[in-house]
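Residues annotated as N6-(pyridoxal phosphate)lysine in TrEMBL: Lys34. Taken from TrEMBL, the feature active site, proton acceptor covers Lys34, Tyr248. For Arg126, Met296, the entry in TrEMBL reads substrate binding site. The domain 'Alanine racemase C-terminal' annotation in TrEMBL covers 227-351.
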Amino acid sequence: MLPRAQALISEAALTGNLTALARRGGARLLLPVKADAYGHGLEAVARVAARHPDVWGFGVAVPQEAVTLAALGLGKPVLLLTPPALEEVGLLADLGVRLPVASLAEADALPPHARAHLKVDTGMNRLGARPDEAVAVGLRLAERGVLEGAYTHFATADEPDLSFAHEQLSRFRRVLEALPPVLAHAANGGGVLSFGPLPGLALARPGLAAYGYPPAHLRDRARLTPVMTLRARVTHVHAVHPGETVSYGGLWRATRETTVATVGFGYADGYPRGATGRAQVLVAGERRPVLGRICMDQCMVDVTGLEVRPGDWVEAWGADEITVSDVAAWGGTVEYEVLTGVGARVKRVPVPEEVTAGG
Ligand SMILES: *Cc1c(COP(=O)(O)O)cnc(C)c1O
């Protein structure tokens, strides 16, 4: 079938973002590709990123993502960022997946061929060993010959006030000083853009920024381009007369003759229903309002005065005019949630570098 909604994935944008972030962070990248690469499609993103010299490896959130990635055989390390169940450890270690470790019990449960990254909780209070316990865990891992890395995660690095992030960093450094040399990493996207190079930390883990969305106040720190364009075809064009309403609840009422295009994306495709009443889309390069409630599979757009036919593309977001940041603001949410909400039926279509480079 012809795709209705598609997510174009710009390989040039992704590659450029990786280069810019590695340069800004003075580090190689452990690229987070969790949640289907922030909705962009795990396989397409990982294949492009694996060829990038600044990419050390990949970070995933759940064991199944690690298994899927390992099966692609891209030859780059994969780190699981959350604790596996005990019965998953053997298979993950056999696949070469790097495992997070936060206790002596977890350290002792690893098979001898495993590779571990010590997870230190410096203040996020989500996962990891507290700094006072982390050193003993790290030394046990080193003793067992399985210690490859150590990491922590910032709670506030994407906010303007960096005082707590600095505090977390110094807690992490005190742990590192007590360990043999390891691949250390801490910075998420906000951390990379705020701090720049962190001496002694060889890796960085920028996620959302790698997909083109830095925190708003850090936009000028690196040249980043949104990687995904979400678009769908017009399925129907019709006239609506003054006084008539459009969509569920009759929220929008025409005050003049209006040409309405029905478009094939809705909230099941990831176009947030919460953006109803504020959303705009791009039709033939022009911003046009979405009329009335956003439906599950469709939405309606005011195309009065434009030459629009069924089969034409309408853009929900992309790199140019309307971005995921706009859509997230209209929907009362964040870019992370909009991108990871792109529906399973939206076809991810990689746009090879040569095509975008040529314009
Ligand atoms: C998701 C995640 C990241 C990436 O965070 P961004 O805010 O997207 O840059 C980094 N590290 C860990 C442990 C994560 O879970």
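Using the three backbone atoms N, Cα and C, a Cβ is placed for every residue, glycine included.
Please treat TrEMBL annotations as automatic predictions, because they have not gone through curation.
Mapped onto DSSP helix, strand and coil, the domain 'Alanine racemase C-terminal' (227-351) counts 22 helix, 47 strand, 56 coil. Secondary structure at Lys34 (N6-(pyridoxal phosphate)lysine), taken from DSSP and collapsed to helix, strand or coil, is helix.
In the structure shown, across all protein chains, Lys34 is the one of the recorded positions Lys34, Arg126 with the greatest number of other Cβ atoms within 10 Å.
The two recorded residues Tyr248 (active site, proton acceptor) and Lys34 (N6-(pyridoxal phosphate)lysine) have their Cα atoms spaced 35 Å from each other. Look at Arg126 (substrate binding site): DSSP puts it in coil. For the pair Met296 (substrate binding site) and Lys34 (N6-(pyridoxal phosphate)lysine), the C-alpha distance works out to 25 angstrom. Spacing of Arg126 (substrate binding site) relative to Lys34 (N6-(pyridoxal phosphate)lysine) is 17 Å (Cα to Cα, whole number).
Within 10 Å of the C-beta atom of Tyr248 (active site, proton acceptor) sit 12 other C-beta atoms, taking all shown protein chains into account. Per-residue confidence over the domain 'Alanine racemase C-terminal' (227-351) averages 98 (mean pLDDT, predicted model).
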